[in-house]
Amino acid sequence: MIGRISQPLLNTSQKFMAPAARTLMLHEHHGMKILQNYEIKVPPFGVAQDAETAFSEAKRIGGKDYVVKAQVLAGGRGKGRFSSGLQGGVQIVFTPDEVKQKAGMMIGANLITKQTDHRGKKCEEVMVCKRLFTRREYYFSITLDRNTNGPIVIASSQGGVNIEEVAATNPDAIVKMPIDVNVGITKELAHEIAVKMGFSKDCEQQASEIIEKLYQMFKGSDATLVEINPMAEDVNGDVYCMDCKLLLDSNAEFRQAKLFDLKDKKQEDELEIRAAAANLNYIRLDGTIGCMVNGAGLAMATMDIIKLHGGEPANFLDVGGGATVEQVTEAFKIITADKDKVSAILVNIFGGIMRCDVIAQGIIQAARELDLKIPIVVRLQGTKVEDAKALIATSQLRILPCDNLDEAAKMVVKLSNIVDLARATNVDVKFELSI
């Protein structure tokens, strides 16, 4: 519920690589419904788009203990905060009236978590579920492992907490089992996993059956991640999946049309939608230095070196290996869409398949179309690099070339600081470069 696995295998840097895989994340309540379709036990729940409906759902569910969960596509909800002042996107309450009150504070407000930017994401609906009293909680997930090129089970006897913290402080509590995709999870393997997770003897059979069904769900929905945190034994000896995080492979949209119809476009960043339409891998971040790079690994290294020199990247943007002039121009338009935020741009291209002269043409076209006033530092190496340098040199634009990445990062951070200082004091700054 609180901690989430970073794909793959607890590698926290993978959050910047998500667009390369292009996955679809479904809301928790959709995941819970899919669990039910596979005859997996979940707590009684309902979904509401307003406070009155939340009250009605609580009355329908019955009982005296409820959990109200904000439905936003971001991790860290439990420790998040709302623009309405409410602390926490997961609230435990005891009456339908309290359900109504908390839902009213969530719906329509923005939830800011460690996985959102400073604006957060708007909560359009809440999930109301019956609070079950558990005696033991476990962590279970199936994801894709690049090392074995197949599914892998990652599980733990410690659930309901941040699994990355468990991996760091008590790695022996983590169970990792690669799965042969040609065989899947057999009854015997499911039982072995349940035993290693530490289920009580009375619950081993139930847990084994759920693990088998979760693999069927993973495969049947073309998922890249099925995560249950926690999977729990209740006081009556029943095993439940208390929540569900489900990521689907966008390459399978053609055969998972019903699931992809569940996509919540309102939760997607408008710039990320534009980037995807242009076949660009883009994630908006909170910094001030725009980045345009080819290759996810080089893009992450570029962001690291910007931070090393005291700057903050405004985005992750991988133009890929076959970008056109039009794509490069669109990339600049996306980077500079928030004109009051981005104060400098670093272009870092290592031309292999990607030709540096194409990048240069795109930079020049974008700088002219957008009449860019902010400094642009360009580091180009590789295929057609001399042609690219010649294009930039004859463009009569104030683009700052730099062959050394470390020096380029230092330069863009200094220039960004100058622009930020000028903006803070309401002073216009113009950069001149001797030609």
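Each residue, glycine too, has its Cβ placed from N, Cα and C.
Keep in mind that this is a model prediction, so the values were computed, not measured.
According to Swiss-Prot, the protein has these features:
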TRANSIT   1-20  transit peptide
DOMAIN    32-259  domain 'ATP-grasp'
SITE      Asp65  site 'Important for substrate specificity'
BINDING   Lys69, Gly76, Arg77, Gly78  ATP binding site
SITE      Phe133  site 'Important for substrate specificity'
BINDING   Asn229, Asp243  Mg(2+) binding site
BINDING   Asn294, Gly352, Ile353, Met354  substrate binding site
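Structure coloured by features recorded in Swiss-Prot.
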| residue | record | Cβ contacts under 8 Å, 6 or more apart |
| --- | --- | --- |
| Asp65 | site 'Important for substrate specificity' | Ile92, Val93, Phe94, Lys130, Arg131, Phe133 |
| Lys69 | ATP binding site | Glu28, Arg77, Gly89, Val90, Gln91, Val126, Met127, Val128, Cys129, Asp243 |
| Asn294 | substrate binding site | Asp318, Val319, Gly320, Gly321, Ala323, Ile349, Phe350, Gly351, Met354, Ile359 |
| Gly352 | substrate binding site | Gly321, Gly382, Thr383 |
| Ile353 | substrate binding site | Gly321, Gly322, Thr383 |
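Summarising the substrate site geometry, the residues cited as binding it (Asn294, Gly352, Ile353, Met354) extend over a maximum Cα to Cα distance of 10 Å.
Of all the recorded positions given, namely Gly76, Phe133, the one with the smallest number of surrounding CB atoms inside 10 A is Phe133. Around Arg77 (ATP binding site), a 10 Å sphere centred on its CB holds 24 further CB atoms from the protein chains shown. Listed in sequence order, the residues Gly295, Gly320, Gly321, Gly322, Ile349, Phe350, Gly351, Arg355, Gly382, Thr383 complete the 8 Å Cβ shell around the substrate site centroid, once Asn294, Gly352, Ile353, Met354 themselves are left out. In the structure as shown, the Cβ atom of Asn229 (Mg(2+) binding site) sits within 10 Å of 26 other Cβ atoms. Confidence over the domain 'ATP-grasp' (32-259), given as mean pLDDT on the 0 to 100 scale, stands at 95. Reduced to three states, the DSSP call for Asp65 (site 'Important for substrate specificity') is coil. Cα spacing between Gly78 (ATP binding site) and Asn229 (Mg(2+) binding site): 13 Å, rounded to the nearest whole number.
The local packing around Met354 (substrate binding site), expressed as other Cβ atoms within 10 Å of its Cβ over all shown chains, amounts to 20. Around the Cβ of Gly78 (ATP binding site), the number of neighbouring Cβ atoms within 10 Å comes to 17. Within 10 Å of the C-beta atom of Asp243 (Mg(2+) binding site) sit 26 other C-beta atoms, taking all shown protein chains into account.
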